[in-house]
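Right, one structure below, let's go through it.
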């Protein structure tokens, strides 16, 4: 045989079926302004008027100067051109997007592109969900488990679990029929149907021939306390001829009889039963499917009168007889009552929604808003739906009667009423897990036509089939959540995400029209599930007000005046700004930046002189912006210099503006992704108890002893820098006391300076003429920014301040600084009274010394002998400026914590003296958006000019989570405050830094969409964070006390040492020739103290014991549940069990004789790093003492 050649068959991966298309750019210097998902490819990229526009195979992305539009393509309902230069984009969730172009030709070109991208798919594979899943298959196994997890066991085995949970008697009363196996009876019904046990499959076939679309009456819910059931079906086909079906009539009445035979827990005691126990027992023991009229059935309690709830009006029901439909006649259905609810059909709901979308797209403050909203009748339709559901719930709960619900076809209004009634009755469906089961069973399994109603079914051009039925039902659930905020485990963000992905086609959950189509197309295996994103373990969707264990039946107020417009969906512009937004100039060339800066939008607020009437300007609906064209700003535009003043939140209606550097416009708070502002009264209330971090955020580094002297000369202000670091978390009261200490105003407690030699307090004075010393302001726990009442209602005009290079500043050498041009910046506007000051400036890359000083008096001034850190990747940097890798899951689980959690603390980075080219920092984003186990770098407020503002201060990780400050090794806030004169702020001349390639913004979810904000849930997360922080702090204190007790126990000398024992020591001392002091003197007693005994580390003799796998059902850190796709990982240091997102870092552990890097959890990783840093610090602190003594 010859040599083996290449294989004849090529191995084709699933992603090869979905190759990316070539990117078409209108300008070569444009860059994609967002992070693409797996399988997502940008096809068109160009520029509109004052915006960047991009179209991928998943979304439409428009990046304006002060906002970002990020809409999945399947969310777009219609696209049209208006006024020749404007694209009018209407979305299926009622949003309307308008995009202006400079020329008519460009507008028509983008109209054509967008129309082709949003057209109905020709085949199912044209939907992005298939490409997304196929490209995710090429990832590593660990990534697949995190990102491609299918629905949990509660979804896959939902029917069996539901029957057991609701207590159906499947032996004597009910049975599960398999007549619909392989969907041979009804393709829009599940394969297993629950019917009374004496109903045969032959009778079910006869009933199916009489009901529309063969949707027969089946039971879907049973009340545990009284046994009353809820059934659903479609309309009977009576037609004008008045047809009847005996099997259908018998099946309906049999449901009521079965409910009487299977009473609930409350009725089992005899409250609802009038028959004898013997007869009941005889019927239970001798019951057979052929005994349809046994004596036991007749002798038991008379069945309750069944309520047939027709969702239509009586007129509509009778009119349907012309098309072959109709309604039940009470004469033909004995012991039944028919009631009509008068709910509108899909055509009326579609028109109402279109009117609602038109009203919501009007100007922000129309004079006829309430009347226009009333004319849409959207709230009226919600009210009717809620009344129908309340009627069903009251009939089942209070009267103990079974209910049969249907409309025309049984897949639109019927699931709305049934699912809503089940939420009212059963608290299980108000949990995250139960709500998922409810959507899967009542909407997906029973054939709601998601493909037609949402408009993504292939080859279906009938627009009359579209209707936001599921969106309307989610809106009604939102109304219940508003009225009962403590009885739902999920929050509003959960519902908003569900609305988005009902139309996005990113997940395959809502594709196709019925379960038969999904199974034939193998959708469940070829697409991801939306429940992977909306999983029960995701804390972002957890309602912190939820009270578990409550079995209250909900009785909502259904009046229109009690309902609210769902602003988070229909009016997102009025909601707090979303995260993940960045300045558009980051993705443009310098030439384009200057052009965009000069051509600002004309629909902004008119410019005034220094915004003197800012309060009245904030009352208007137009956003507030500032440009250098203001006459009062041009005079000082050349003198603006940066400092490190953190952000401050402004009152409602005002926007804090922050300059982004050379040639770029100011950035609003919403653009940086800051949390929404609160009124001053709430700020004062929330600032009483600031949260402090408790974990370390540092990498491996070296301490260098460096002598640095720095001074600044100016005529206006005295700038002080306050830096705090801690190695161990101190006592909370002492921690607060130390936080209030600032350069002469107080002195930190002695124990913090003596125990670890890590915590230090220092100030760097500058000779700027005058002094204005402010203590460290209290931290606002909601926004993470300090409150500065001393700076309220004043205008700040920075001026120049040149560093003194002769004193050894950390700036670049004068020769280098003179070669770089001086950038121009814009001033910030004056803040209104009642808000904190906002300062516009550039960052100082090297002018401020980022030092950690040694222990010395707090009031001492002058040159300091500081210590820098040396990171192997970044070079020299201060201790608190080292970066820490964090995982995506940590951000998504605690995305809005305002407290100083280590998961969100980006560490600042500075560059030492002499380095002309700064090292590039790590990027926090990647080209392909990945789930929790992908590491990212949290970018903190670094000292790096323009790029520092874009990459650090504006990064979503820092601005939204770390809130503009960093955490040192001990978890204490390492902030740098500038106490400035009320009139001016001085700073040094900045050095120009090289700007690396732009990094896309970091989104908080795996779906690539921003996370909806909620101020109340934000605050509740802070409260939970503070509670966990206190618990962790108490645990550390207990461990520390235990270690001290162990050391005392091991190192304690004998109570009464024998004389010969002391003589041995004395002789030993004499033999060594030591005549300095007598061992029998008073000082000799110190030699026998515990200080003379070397402490023994218990870890050297102990082996870490691992927690067994079977004992760990949840992650020790994030508390997520383990299952097939969420594997267990043991930390080699502590032995606890974690998920992949909480245990992915590797370090050697010499104490455990593990000298190669092994897997450790995030907490142990930080603890080991801090321990090593302490050892290095203690070694370097001892070197000067040894040198002096020699």
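Glycine is no exception: its Cβ is also placed from the backbone N, Cα and C atoms.
Pulled from Swiss-Prot, these are the features on record:
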type: MOD_RES; residues: 8; note: phosphoserine
type: DOMAIN; residues: 153-570; note: domain 'Myotubularin phosphatase'
type: ACT_SITE; residues: 407; note: active site, phosphocysteine intermediate
type: MOD_RES; residues: 610; note: phosphoserine
type: COMPBIAS; residues: 618-637; note: compositional bias 'Polar residues'
type: MOD_RES; residues: 629; note: phosphoserine
type: COMPBIAS; residues: 782-847; note: compositional bias 'Polar residues'
type: MOTIF; residues: 999-1003; note: motif 'PY-motif'
type: ZN_FING; residues: 1109-1169; note: zinc finger
type: BINDING; residues: 1131, 1134, 1161, 1164; note: Zn(2+) 2 binding site
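Here the features listed in Swiss-Prot are painted onto the structure.
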residue	record	Cβ within 10 Å
407	active site, phosphocysteine intermediate	28
1131	Zn(2+) 2 binding site	26
1134	Zn(2+) 2 binding site	19
1161	Zn(2+) 2 binding site	26
1164	Zn(2+) 2 binding site	21
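Note: the Zn(2+) 2 site is recorded as 1131, 1134, 1161, 1164; in the same chain, 1132, 1133, 1135, 1136, 1138, 1143, 1160, 1162, 1163, 1165 also have Cβ atoms within 8 Å of that site's Cβ centroid.
Summarised as a single figure, the pLDDT of the motif 'PY-motif' (999-1003) averages 40. Secondary structure at residue 1131 (Zn(2+) 2 binding site), as computed by DSSP, is coil. Distance noted between the C-alpha atoms of residue 1134 (Zn(2+) 2 binding site) and the residue listed as 'active site, phosphocysteine intermediate' is 60 Å. Residue 407 (active site, phosphocysteine intermediate) and residue 1164 (Zn(2+) 2 binding site) are 59 Å apart (CA-CA, integer value). DSSP places the residues of the zinc finger (1109-1169) in helix, strand and coil in these numbers: 14 helix, 20 strand, 27 coil. The distance from the Cα of the residue listed as 'active site, phosphocysteine intermediate' to the Cα of residue 1161 (Zn(2+) 2 binding site) comes to 55 Å.
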